[in-house]
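The following features are taken from TrEMBL:
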type: DOMAIN; residues: 1-421; note: domain 'Major facilitator superfamily (MFS) profile'
type: TRANSMEM; residues: 71-90; note: transmembrane segment
type: TRANSMEM; residues: 96-121; note: transmembrane segment
type: TRANSMEM; residues: 142-160; note: transmembrane segment
type: TRANSMEM; residues: 166-184; note: transmembrane segment
type: TRANSMEM; residues: 222-245; note: transmembrane segment
type: TRANSMEM; residues: 265-282; note: transmembrane segment
type: TRANSMEM; residues: 303-323; note: transmembrane segment
type: TRANSMEM; residues: 329-351; note: transmembrane segment
type: TRANSMEM; residues: 363-386; note: transmembrane segment
type: TRANSMEM; residues: 398-416; note: transmembrane segment
Amino acid sequence: MGLGFFCCYAIRVTTSVTLEAMTNAASANPNFEEFHWEESVKHIILSSFFWGYTITQIPASILTQRWTAQGLFSVTLVISGLLTIATPMAAHYGGWQMVIACRVMCGLVQGAVLPCLHTLLSRWSPPEERGRLSTFVYSGGWIGNVICLLSTGFLAASSIGWPSCFYVWGSLGVLSGICFYLLGQDSPSEHPRISLDEKEYIETSLGITEINEKPSTPWKSILGSLPVWALLMAQCGQSWGFWMLLTEIPSYMSSIMRFDIKKNGMMTALPYLSAWLISFPISHISDLCIRKKIVTTKMSRKICNTIGHWVPAAALVGLGYVGQDQPELAVGILIIAVSCNIAAFCGHNINHMDLSPNFAGPLMGFTNTIASACGILAPLIAGVIIKDSTNILQWRSVFFLSAAIYTVGNLIFILFGTSEVQKWNDPIESKKDSVVRKVSTAPVTIATIQEKEDERIP
């Protein structure tokens, strides 16, 4: 799962760095085709992935309940890899319109990624190890960012040019999809090579909330749940801040800090490398504190999310005041912002599994559908605000807006979030309880009717 998520993020991110080489050949290898696209078009390309990504979240989450999350994730990797490989040809023959089409289709396919992973993790991760296992899998995306950002600049400047960036990462996506299809399984009970002890340990730890039947997703209860909406607000803040940084920072480094494409890739990757390294101690400390009962699960989730959102918010405010002659300070602040943001993976990001282990996939599909809209808006609004990419005041406005969104989203999560399993997690038991209550009250109702009838008889 971690390798697959690694490839998914590399496929998403490669366009952010490669776009600079595609539109400014002198910054990489001038022997390859250059496209003269306006700044607004580049921002549209950066956001186009999310147009498709938003649409398929809920349908994919329903499919994970009815089909197989493992199979769907494998297909997702293969198709998105093939679309990435086709991007250079699309740019050559169809211009920016066809590049956008490829990115939209890639987003449509990758809309299944998080619902699949959340469904699989809810079946494979014991509650007391949920922070570590989830962080290990999802940190694959961060190290994917690192390696993609580092390598893309060098590939674009090499003799094989910017098209190789799409070929390399697209091919890895296809290979990882095939590997996961051959080696992965939907649950411990279906895995042919897992030891009996490990299988029993996982299934026993999940036995309190796990159900064997496949009931319909209780959408009405989900939509009426205050903790779900609190989780949604936190996820919207995360999506905005994360994708604003990931899509816009390469441009900030190039335009404000004057880094060339090789150094740009390295400096942009450094914060994500730091975040990946720090993710492991954070997740271990979070799980340890819960296991030792130092803090409750609810408190742990809120502390981690506060570190993950409010520290980056403060860092972004500071970044807005960094001058063009202070590139080292800018990189240092970005390292703090992105490294601390990884703590949110032990906060709201695994809260879906806390609230409903049985419907973690559909719940992620619902929240990520709306949160992904923030991923669409982040580069688009940045493009509206930043008319001149060399104007630090315009960048400051973008950073301040992102800090405000981080702050508000986490505040709502602190006030209304919880880690308690919701009643609608087990709709079958809820129906049984309802039937029992009706049966238990029936004799009283009949007796009452009989008494009234007796009173009427003279």
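Keep in mind that glycine also has a Cβ here, set from the backbone N, Cα and C atoms.
What TrEMBL says about a protein is an automatic prediction, not a curated fact.
Under the criterion of 3 or more C-beta pairs below 8 Å, with sequence separation of 6 or more, the transmembrane segment (398-416) and the transmembrane segment (303-323) qualify as touching. Remote same-chain residues near the transmembrane segment (166-184) are listed as 1, 3-4, 6-8, 10-11, 14, 18, 70-71, 73-78, 80-88, 120, 148, 151, 155 (criterion: CB distance under 8 Å, separation of at least six residues from the stretch ends). Within the model, the domain 'Major facilitator superfamily (MFS) profile' (1-421) shows a mean pLDDT value of 88, rounded to a whole number.
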